[in-house]
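K.L.:
Per TrEMBL, the features are:
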BINDING   His29, Leu31, Gly56, Glu77, Asp103, Asn123  S-adenosyl-L-methionine binding site
DOMAIN    36-208  domain 'Ribosomal RNA adenine methylase transferase N-terminal'
Amino acid sequence: MHSISSEPMHQIQLLKKYGLSIRGFRGQHLLVDENIQRKIVEFVKVEPGEKIVEIGPGLGAITELLLDKGARVVAVEKDRKFVEILECELGKTYENLKLVSGDILKFDFEKCAKNERLKVVGNIPYYITTDIILFLIKNRKWIDSAYLTMQKEYADRIFAQPGSKSYSRLTLLVRFYADICRGFEISRTCFTPPPDVDSTTISFTFWEKPPVDIDEELLFQVIQSGFSSRRKNILNTLSAGFEGRLTKEKVKNVLDSCGIDLNARAESLMLKDFIRLAEHIGKVLAK
């Protein structure tokens, strides 16, 4: 089989071949380092015959490696020109490739999965990283795991510890729905054009069921309220978040019951603390 990515420069040559600019083409940064391409595919641990949804395949460097491992790849590319290139360069060679021209945020994972759970692979743009992660969480019923390359700064937010500036609602949301593992860092020099920052790979293995049986909507209302103002303590943020439903005195009693300092701030609490708070608040609201 031919390879469109046997040399790092080959992708640049493809851009030129099809008359496309290589200077930040529509905000995309192409991964051109062959060693890193292969390292990503090794990180995914491809099983022959499994179905993988690839987000934004670009010129197909990762796509082809996944196909060569025997995966059935559904490549979702928003840019029609890239889809046309992939059709010309890979479409006629690989029967196990399906190209989808469209936005990943509108992709029908349920229809794609049918009776199996999917893997997702992608190098995702910073400006829609949160949207993509939330969309994958929403569709976790049909997704076994996701292997994403993202800006290191964003990855640091996901792995942030309580008390750090990066610790956020997103940190807790991801940890509630998935087991996360940091892969490896990728230098900005491995891309063309080089982005301003380095990247990191992360794996998300979604729980088939959340680790605890709890009212998820209430839990995330508690988290949302807690992080609504970093300058205020947890007593004040929860009182404001549940205004009209819980008096400040009742919130104080809940915090006391959970053994949480009234002056603590949300960023100092762990996921288990928020789960405990949601359980107690749920009982109070049910009375």
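Even glycines carry a Cβ here, placed using N, Cα and C.
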K.L.:
Three states by DSSP: which one describes Asn123 (S-adenosyl-L-methionine binding site)?
P.N.:
strand
K.L.:
Averaged over the whole of the domain 'Ribosomal RNA adenine methylase transferase N-terminal' (36-208), what is the pLDDT?
P.N.:
96
K.L.:
Taking the Cβ of Asn123 (S-adenosyl-L-methionine binding site) as the centre, how many other Cβ atoms fall within a 10 Å radius?
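P.N.:
There are 23 such Cβ atoms around Asn123 (S-adenosyl-L-methionine binding site).
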K.L.:
Would you count the other C-beta atoms found within 10 angstroms of the C-beta of Leu31 (S-adenosyl-L-methionine binding site) for me?
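P.N.:
Result for Leu31 (S-adenosyl-L-methionine binding site): 22 neighbouring Cβ atoms inside 10 Å.
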K.L.:
According to DSSP, which of helix, strand or coil covers His29 (S-adenosyl-L-methionine binding site)?
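P.N.:
Once the DSSP labels are grouped into three classes, His29 (S-adenosyl-L-methionine binding site) ends up as coil.
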K.L.:
Can you tell me how spread out the S-adenosyl-L-methionine site is, meaning the largest CA to CA distance among His29, Leu31, Gly56, Glu77, Asp103, Asn123, in Å?
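P.N.:
Output for S-adenosyl-L-methionine binders His29, Leu31, Gly56, Glu77, Asp103, Asn123: max Cα distance 20 Å.
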K.L.:
Sequence gap of 6 or more, Cβ distance under 8 Å: name the residues on the same chain that satisfy this around His29 (S-adenosyl-L-methionine binding site), in order along the sequence.
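P.N.:
Looking at Cβ-Cβ distances below 8 Å from His29 (S-adenosyl-L-methionine binding site), excluding near sequence neighbours, one finds Asn123, Phe191, Thr192, Pro193, Pro194, Pro195.
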